[in-house]
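*Asks:* Shown below is the structure under consideration.
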Amino acid sequence: MAEAEEKRVGVGEARAPLAVEALRGKIVEKVKGNRVTLIVGDTGCGKSSMVPQFLLEENMEPILCTQPRRFAVVAIAQMIAESRNCQVGEEVGYHIGHSNVSNLNSKRSRIVFKTAGVVLEQMRDKGIAALNYKVIILDEIHERSVESDLVLACVKQFMMKKNDLRLILMSATADITRYKDYFRDLGRGERVEVIAIPSSPRSSIFQRKVLYLEQIVDILKMDSESLSTKYCSGPNTAADAGLKPDVYELIHRLLLHIHQNEPDIGKSILVFLPTYYALEQQWIRLLSASSMFKVHILHRSIDTDEALQTMKVSKSCRKVILATNIAESSVTIPGVAYVIDSCRSLQVYWDPIRKTDSAELVWVSKSQAEQRKGRTGRTCDGQIYRLVTGPFYNSLTDHEYPAILRLSLREQVLMICCAESRAMNDPHVLLQKVLDPPDSDVVEDALESLVQIRALDKPTSPRGRHEPTFYGCLLNSLPLSFDASVLALKFGDTGSICEGILISIMLDIQPLPIVQPFGHQQLCKMYRNNYFEEEGIDLQTGKKEAALVGNLCAFQFWQRMFKDKYRLDCLINVVNTHEPKASNGFVAKPEDEWCAFHNLVPTALNYISEIYDDIMGTLHRFRPSFLVKINPPMYLQPSEFHHMCLRHEVLELENVNSLPLEAENSHLDSHRRCAATPYVSPADFGTTTVVKTLKTLIKEMKTQSAADRVTYRELVHGYVQPALENEMCVFFLNGSCNRGDTCHFSHSSRAPRPICKFFLTLQGCRNGNSCSFSHDSGSLVSSSITSGICSQENRATSVCCKRLLPAAGDGHILVMNDKSLQFACKLCNYYDPTKIIACTPGPHSFESDSVTKGLKILQNLADPSYLFIGGEHKLSVPWTKLSRVFWFADIDSNESISEQVVLQKFFQHIAIKTLSEKMSDLQVIVIMNNAKFVQLQVERLARECFLFLGESFMFDEATLGWFSDTPNYPRGMQVSAPVAYIFSMHPPTGIQFGDYASELRKVLYSN
């Protein structure tokens, strides 16, 4: 009777008061009075969203909040911003990866949400200064990622020095005793205050009911024999966690049962599955019920904006959310009344045999299962279906195994060694202070591995520490995973840094540029083949490699076709209006339509562009030697690349009976595709060269990682001398060789086995030691062990004058922005003064004898457009004879913003002049401090005007003039010095965009 009398709140009605709101005063009081506060409350009590606001309203700000997943960071920040009637990025902001949406409008955000990884990077670079907050909230502390554990340890270390810092730990399922013990040594008299948030009064709480396999099969009227064997492969967690077809079928029947028996169509169903493949398999089974459900997918490969669509309540069709553990914690999905929990998850671990990270399906912990349970009963009553028996559930571990005990820790050890603060730069010390310290042998193995690849130097004394090398510092500073960073720098040493960065980014991110229609594998392959079909080149590639190259070609196609067209339009607009227009400010709709027409994801393309610029900025700060000579992007070849779109309706394959899918298949709505396939042929964009380089570098990386278990037979002149005996016959190995003694290969069991072709790919061989083929890299070139270790540019080898000036005195030189004329006058010592024209941004008073005779001076040209357009009839510049244009950027620190605008104008107008007059041989040289070069995003500004960086080297101040610009002292092994950057024009293809030169000339001279 009591249950019947309880208040029920339906979907769409006003929410009941959150349990945490009743403890507002106590929470604020305890946080003010204690340095560490542990808040424990059931999922859905309002901890994540309300506690930061309680503190903000008491002026305890700024506040830093961490969340384990990007999706949660964005969703909670948006929710709080909406509730406080402000825009995200103002009072409430967030920072995930390369997206920093905080501190907008020149004001610091008062609440900032970040992932643990972002906080860790900031502490590495800034030390205690990264914790310039009054309160730090570490949410969902039960999720034991390596980053979360390290953030906790580092914050604890810095709290020893920062007494005014307040730390709040929050979770629904954390082991309270462990965390209280962990902070026991924080200081004398310190205590960890624990606040337990009780359930709301029974009159307002939503009810949750948990059912196990025994009850589920009874409800569905299914056979109840051997449930654990049929659905769990065994009676306890020792059983294989793989998903059998029976499990998918059970979920399908359960979905239909819920739909048929739940009259409120607004009540949604959330299904937890461990992998993308499992999500697809379940989705395929739902095709027959396409009229009943609107399906959403939550997976890391789904764009964040698309994933947030799951937060919208559906009133026209029942919403089914198929999700991995991305939906496990922090975020409330409105209207979820049912949770189906497969009780499996995907766990990453270090495979010492394959020398790579591997993944396996495992059973969840009780803590994880409780988190999944908490996804319902938050905005309505809920039922939870756990696809294990009751006794099986009782055998689950209480908490998940910490990731820090499962991984190799190479990346983390390198990060610690590169940290600026002494409080966290010793891996042996810091890693012993985490909640679950890894074995010291694991740390030592990671250090030895990093020494082997020359990322660290060995200690010079028994008590010394491992110091990072230049290569190690650069590896650690790139915003990429460890292996992706290694690959990018190896590409740099081959002269293909542009392609290397793009491929490395695509190793790390999801979604990728090419649309992957969910549940349509053949369609996915067809879309990829439109950009790269490996059958078109005589090179065998692995599955991952083919996907990477295909997406690289797609990105390059977008650059050549869509972006180049937009860049041209921007330049024409500049001539018409005499105002600069930012090339990244285009209207989203035309790009969305163009991308849909070519099966591309616009958000992924633009995200990759942002990361690319970030990585290039890091390289320019460190100045590795390969920046001295940079090959232009391969997508510029052939120069006359052409693609003519052909409109057609979607193919039969795309018109299959499909489920309304809100995330990935929204691109199918337009029903129009470009039929001019393939969009990119194997001959375009240097694809064959890229594939060869990628395969070679992956082999090097595999050899390098396996070097500690390679025994070389003989080392001769920098390569490994193979064994004299012939390689073992592959057919003999399989027991099928019928050539006997006439076989050219060995039939001896001692003969070297052929190298496994999968071992030398990104994915690696899954068979490990049981593989019939060899994983011994001793037969490979040993130079790969030490090649690709990039070094810093040698400042002592400056040959500045020879590289800056035209050969044999051929051509005129235009020097712009030379405030004191010192650079132009110095150039006159090495070049004919009568062929040099110097421009000053303002009026210049000078003694006649201080200026070289014959040097032509143009004054008051602060706006470069006057020289190229407005004042052309007055200012005589021999444009057709120009060979070099210099921009001498000796910038004061307070001029940065205005200088960026002026530089943008300079690049735009030099591009307009160059393209209209077809002066493609003209070189544009910017001389600027490298730190300012990065800060002002000069390379991006130039690239948006078809000017690509080809060379860069240290500027010889002693010979050509001293810089007054002295930025802050650089961090670590970064450089801060004037550098000469040489740009060359790579015009867009005339075949594709018509006679744009004539159009530019017409507009230019009509003004």
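Quick reminder: no glycine exception, Cβ is built from N, Cα and C everywhere.
Note that the coordinates shown come from a computational prediction; the quantities given were computed from them, not determined experimentally.
Taken from Swiss-Prot, the feature domain 'Helicase ATP-binding' covers 28-192. Summarising the annotation, Swiss-Prot assigns ATP binding site to G41, D42, T43, G44, C45, G46, K47, S48. Per Swiss-Prot, motif 'DEAH box' is recorded for 139-142. Annotation source Swiss-Prot lists domain 'Helicase C-terminal' at 250-420, citing sequence analysis.
Can you tell me where each of these features sits in the structure?
*Replies:* Around the Cβ of G44 (ATP binding site), 24 further Cβ atoms fall within 10 Å across all displayed protein chains.
The average pLDDT computed for the motif 'DEAH box' (139-142) is 92.
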*Asks:* Quick one: among the binding-site residues T43, S48, which has the most Cβ atoms sitting within 10 Å of its own Cβ?
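*Replies:* Per the Cβ count, the most surrounded site is S48.
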*Asks:* Could you give the number of helix, strand and coil residues in the motif 'DEAH box' (139-142) as assigned by DSSP?
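*Replies:* Residue counts in helix, strand and coil order: 0 helix, 0 strand, 4 coil.
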*Asks:* Let me know the most crowded of the binding-site residues, choosing from G41, D42, C45, G46, K47 and counting other Cβ atoms within 10 Å.
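*Replies:* Highest number of other Cβ atoms within 10 Å: K47.
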*Asks:* Which residues, in sequence order, are found in the same chain with Cβ within 8 Å of the centroid defined by the Cβ atoms of G41, D42, T43, G44, C45, G46, K47, S48 at the ATP site, excluding those residues themselves?
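*Replies:* Residues close to the ATP site, other than G41, D42, T43, G44, C45, G46, K47, S48: L18, A19, V20, A172, I197, G374.
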